[in-house]
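A short write-up of the structure that comes next.
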Amino acid sequence: MIPQLIVGLGNPEPKYDQTRHNIGFAAVDALARAWNISLAENRKFQGQYGEGTAPGGVKIRLLKPLTYMNRSGQAIQAVTSWYKLSGESVLVIYDDLDLPLGKTRLRLSGSAGGHNGMKSAIAHLSTQNFPRLRIGIGKPKNAVNGDNSETVSHVLGKFSATETQLMSLVLQFVVECVELSLKQGVEKAMNRCNSCTVEAPKS
């Protein structure tokens, strides 16, 4: 399956810019820059939306839902309904606490794994069978099992200067993985995306 709509999950207010939870937004911004696609607010689609041509001549649509994370599925459904896209043609990019920094995971299907944005996407697409690319944001250093406040402040916190350098390399790698999935299909891209660890630049 070749994705036709790529969605990055995040929260819309400026205070959430550059936070770990908004790495999905940052990924779509990186794709838009790489492919020269301009994103603009689209009320019908409840998000920032743009379309253009990705490498290989593939027509692609990009979306950043502006509904807040736990209602992301509304915006995704608005686009898929309008363009009559199947759920399987949607690639969703989002943050994952359980993956360390520098790791990414591309899968063809699966559960939400506790991620509210993905819960909403699954509910509105009425299927778990759509590809997703998870970007590792790591766990909080002082996490205690069951301490939700530590997790929330970590997820909604910003990357350190060193982490920001690493994440810019991760986003370059994400662009590479997505381009591979558009040219050769998600299955082929999974081997590359899931086997590599992006290393921090040597100081």
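Just so you know, glycine gets a Cβ as well, placed from its N, Cα and C.
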Of the candidates Asn116, Asn129, Asn142, the one that Swiss-Prot places in the tRNA site of Tyr16, Tyr68, Asn70: Asn116
Asn70 (tRNA binding site) versus recorded positions Asn11, His21, Asp95 - nearest by Cα: Asn11
Inter-residue C-alpha distance, Asn11 (site 'Discriminates between blocked and unblocked aminoacyl-tRNA') and His21 (active site, proton acceptor) (nearest angstrom): 8
Other CB atoms within 10 A, centred on Asn70 (tRNA binding site): 13
Set of same-chain residues at least 6 away whose C-beta sits under 8 angstroms from His21 (active site, proton acceptor): Gly10, Asn11, Met69, Asp95, Ile137, Val155, Leu156
